[in-house]
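If you check TrEMBL, you get these features:
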TRANSMEM  26-49  transmembrane segment
TRANSMEM  86-108  transmembrane segment
DOMAIN    114-228  domain 'Phosphatidic acid phosphatase type 2/haloperoxidase'
TRANSMEM  115-136  transmembrane segment
TRANSMEM  156-174  transmembrane segment
TRANSMEM  186-207  transmembrane segment
TRANSMEM  213-232  transmembrane segment
Amino acid sequence: MNQAKSGKSAIAGIQQPANRQLPERATLITIVLLTSSVLVFLALASLVIRNWTADFDRAILLIMRNPTDLADPIGPTWFEELMRDVTGLGGLGLLTFVTLTVAGFLALSGSLRNAIAVILAVGSGVILSSLLKYGFDRPRPDLVAYGTRIYTSSFPSGHAFMAATVYFTLGIMLARKFEPLRLRVFIMAISMLVTFAVGASRLYLGVHWPTDVIAGWSIGAGWALFCSTLMVRLKAD
């Protein structure tokens, strides 16, 4: 009997360090990803300010246009309409609806703190996006006719930023509620796919430079990681 107890104690002693390593590893990965996203944004901002990305930006936009008529995006008409629908997934109206719906669900299910955290994460993201646009005040592309209406400056892409902020934040929160790795991967893959599609649609419609979209993705993903990590820390406290 004593040998059995000592054997269980030995196994528990081995498992405890391994269990402690998992949160530490997750924290390290989060720090690396968050730092990388901020550095990518800062690097792009520095290049854009110096106008060193002009040739790259122009080349990518022109690839997506009919060379004989720059007002005409490549591809059939139905695809252009599809891109207008896709870009709506990053619009403030739909993202507000999604955020409030999820927050309402969380509140009604007893997770009022998480509901408030989601609203604050998205709301602060809107403010940050607006401040960055105002600060950089980059003009919109002037190469092609726009495929949708615009009314703000260009850098970073607000649609790309907010899509990353909302879908990544909600994706991370949802993924944490499931144990099977395949479900977590699926949830995050969908979040990434939607975020990528929104950014790509902004390029296709000619309303953003490529560096606007990449910057929006990077800083939006970083903001989502920051807010999600903060939620976990506050919950632990």
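Yeah, the Cβs are placed from backbone N, Cα and C, and that goes for glycine too.
Helix, strand and coil residue tallies for the domain 'Phosphatidic acid phosphatase type 2/haloperoxidase' (114-228), in that order: 84 helix, 0 strand, 31 coil [DSSP]. With Cβ pairs under 8 Å as the measure, the transmembrane segment (26-49) is packed most heavily against 213-232, out of 86-108, 115-136, 156-174, 186-207, 213-232. For the transmembrane segment (86-108), same-chain residues at least 6 beyond its ends with a Cβ under 8 Å from one of its own Cβ atoms are 114-116, 118-119, 122, 126, 148, 158-160, 162-163, 166, 170, 194, 197-202, 205. Proximity of distant same-chain residues to the transmembrane segment (156-174), defined by a Cβ-Cβ separation under 8 Å and at least 6 residues beyond the stretch ends, is recorded for 41, 87, 89-92, 95, 98-99, 102, 114, 118, 121-122, 125-126, 128-130, 132-133, 136, 187-188, 190-192, 194-195, 198-199, 201-202, 208, 212-217, 219-221, 223-225, 227-228, 231.
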